[in-house]
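Swiss-Prot has this to say about the protein:
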| type | residues | note |
| --- | --- | --- |
| BINDING | Ser9, Arg42 | L-glutamate binding site |
| BINDING | Gly76, Arg77, Trp102, Thr153, Asp174, Gln197, Asn239, Thr240 | pyridoxal 5'-phosphate binding site |
| MOD_RES | Lys198 | N6-(pyridoxal phosphate)lysine |
Amino acid sequence: MAQIFNFSSGPAMLPAEVLKQAQQELRDWNGLGTSVMEVSHRGKEFIQVAEEAEKDFRDLLNVPSNYKVLFCHGGGRGQFAAVPLNILGDKTTADYVDAGYWAASAIKEAKKYCTPNVFDAKVTVDGLRAVKPMSEWQLSDNAAYMHYCPNETIDGIAIDETPDFGKDVVVAADFSSTILSRPIDVSRYGVIYAGAQKNIGPAGLTIVIVREDLLGKANIACPSILDYSILNDNDSMFNTPPTFAWYLSGLVFKWLKANGGVAAMDKINQQKAELLYGVIDNSDFYRNDVAKANRSRMNVPFQLADSALDKLFLEESFAAGLHALKGHRVVGGMRASIYNAMPLEGVKALTDFMVEFERRHG
């Protein structure tokens with residue numbers, strides 16, 4: 001079978017080694033003669049899976065001991081509600097920084113539970129889309145927390161700065177599309193959450209990192225399944241968790257550790273992004289409209305100079321084993337999502353195709 005490279009924004013490509021191991025263990029896991037999908041989440045065998053996954057995740061991100069790690073349901077959209085329901089306390093407002101589609105979606109959900117103070121960080125610089133630096137973000141004095149999204153998958157915009165707003169500002173961040181792709185200082189955040197389906201594992205699992213002093217503040221109307229304290233008190237097993245996604249994510253964590261950890265991913269992700277953006281920037285046939293300082297290393301949107309060629313580009317790239325390159329309906333064009341599991345070889349195959357396509361149709 002020819003090599004297929006999946007550039008989907010999520011659910012996304014998984015490491016081949018992880019899929020091979022899961023395939024081998026699918027019907028007989030740990031010598032039990034059953035699948036990991038069939039064993040009790042409260043049995044000692046799965047408890048070991050859960051504990052190892054949390055330990056490996058903590059090791060990868062150097063999570064401080066005063067932070068809890070929760071394995072949840074609900075995805076990023078679930079956390080759009082969970083954050084205000086858990087962190088507002090007796091306050092009625094929170095700061096939200098709008099830099100793209102997903103930040104705006106979080107704001108829309110937050111309006112059900114509080115009065116968000118919205119700061120529009122989007123700007124245009126020399127005709128390119130960009131984000132105002134954190135030093136210009138206008139925060140309010142009475143906010144319970146400040147929320148932002150470091151990587152906008154649809155817009156292809158990244159905010160790589162580390163928050164430094166003082167110890168009194170609780171920073172909540174949606175790391176769904178950039179978690180584990182580069183080192184982060186967890187201690188600068190109050191809450192970090194991430195849907196699994198991009199850099200962690202299969203869809204269905206959400207990981208939350210929450211500073212322990214923020215527990216116990218949930219709104220009385222907060223559903224129990226979204227209550228961080230209840231999830232923590234029950235070791236993320238208040239109800240039956242997504243066990244297969246948890247298991248497979250644990251395999252991804254071990255794969256990451258075996259391949260140099262987050263620091264190694266950071267380097268190769270930079271190489272992949274530089275290769276792809278390099279082809280775009282050195283061409284009049286392709287274009288990207290994001291300022292270099294805010295370009296995403298995970299999600300690279302680009303347009304063809306002649307949009308009439310879009311359909312042909314997608315057809316020929318798919319035939320060449322380069323799948324899921326169609327851009328989001330909001331922005332159109334193309335988008336290559338190059339998360340941790342995408343090897344440099346895959347990006348090289350894409351750029352070779354792009355150069356050849358331009359030669360034939362430019």
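Backbone N, Cα and C define each Cβ position, glycine as well.
Distance from the CA of the residue listed as 'N6-(pyridoxal phosphate)lysine' to the CA of Gly76 (pyridoxal 5'-phosphate binding site) is 12 Å. Classification of Ser9 (L-glutamate binding site) by DSSP places it in coil, neither helical nor stranded. Comparing CA positions across the recorded positions Ser9, Arg42, Lys198, the one lying closest to Asp174 (pyridoxal 5'-phosphate binding site) turns out to be Lys198. Ranking the recorded positions Arg42, Lys198 by C-beta neighbours within 10 Å puts Lys198 at the top. If you measure from the Cα atom of Ser9 (L-glutamate binding site) to that of Lys198 (N6-(pyridoxal phosphate)lysine), you get 7 Å.
In the three-state DSSP scheme, Thr153 (pyridoxal 5'-phosphate binding site) falls into the coil class. You'll find the Cα of Thr240 (pyridoxal 5'-phosphate binding site) roughly 9 Å from the Cα of Arg42 (L-glutamate binding site). Secondary structure at Arg77 (pyridoxal 5'-phosphate binding site), taken from DSSP and collapsed to helix, strand or coil, is helix. Residue pair Gln197 (pyridoxal 5'-phosphate binding site) / Arg42 (L-glutamate binding site) shows a Cα separation of 24 Å. Residue annotation for pyridoxal 5'-phosphate gives Gly76, Arg77, Trp102, Thr153, Asp174, Gln197, Asn239, Thr240. The furthest Cα pair among them is separated by 30 Å.
Trp102 (pyridoxal 5'-phosphate binding site) carries a helical DSSP state (H, G or I). The shortest Cα-Cα distance from Lys198 (N6-(pyridoxal phosphate)lysine) to any of the binding-site residues (Arg42, Arg77, Trp102, Thr153, Asn239) is found for Thr153. DSSP assigns Asp174 (pyridoxal 5'-phosphate binding site) to a strand. Cα to Cα, Thr153 (pyridoxal 5'-phosphate binding site) and Arg42 (L-glutamate binding site) are separated by 36 Å.
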